[in-house]
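S.K.: This structure is in structure tokens; I'll ask about it shortly.
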Amino acid sequence: MTLKVACPTCKKEVIWQEESQYRPFCSKRCQLIDIGDWADENHKISQPVQGAVDLNEEMLDALEAEFLQHNKFFVEPE
Ligand SMILES: [Zn+2]
């Protein structure tokens, strides 16, 4: 009996056997494409969170400095 699976990347038939070392993928290329997709998704998920944290800290510092400057600016003319 021969078990066949569909390659998750290109849907090509892959025979489930010792020789098919990249199963369930048909080839190393398809395996790397799938791993690459996962890495991309992880990158997309983690990147905005890290960026937002850095931005918030920087923005708060910038806003605080700007606020203090404006306060002095508004106080001085009076
Ligand atoms: Zn494939």
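Each residue, glycine too, has its Cβ placed from N, Cα and C.
What TrEMBL says about a protein is an automatic prediction, not a curated fact.
Not my notes, these are from TrEMBL:
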- Cys7, Cys10, Cys26, Cys30: Zn(2+) binding site (BINDING)
S.K.: Cβ-Cβ under 8 Å from Cys7 (Zn(2+) binding site), same chain, 6 or more residues apart: which ones?
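M.R.: Listed in sequence order, they are Glu13, Val14, Pro24, Phe25, Cys26, Ser27, Cys30.
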S.K.: Using the recorded Zn(2+) site (Cys7, Cys10, Cys26, Cys30) as reference, state which further residues of the same chain have their Cβ within 8 Å of the centre of those residues' Cβ atoms, listed in sequence order.
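M.R.: Close Cβ neighbours, site residues excluded: Pro8, Thr9, Lys11, Lys12, Val14, Phe25, Ser27, Arg29.
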S.K.: Tell me which residues of the chain lie with their Cβ under 8 angstroms from that of Cys10 (Zn(2+) binding site), as long as they are six or more apart in sequence?
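M.R.: Long-range Cβ contacts: Cys26, Cys30.
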S.K.: If you run the three-state DSSP split on Cys30 (Zn(2+) binding site), which class comes out?
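M.R.: Going by the DSSP assignment, Cys30 (Zn(2+) binding site) falls within a helical segment, counted as helix.
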S.K.: Around the C-beta of Cys26 (Zn(2+) binding site), how many further C-beta atoms are within 10 angstroms, looking at every protein chain?
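M.R.: Looking across every protein chain shown, the total is 21.
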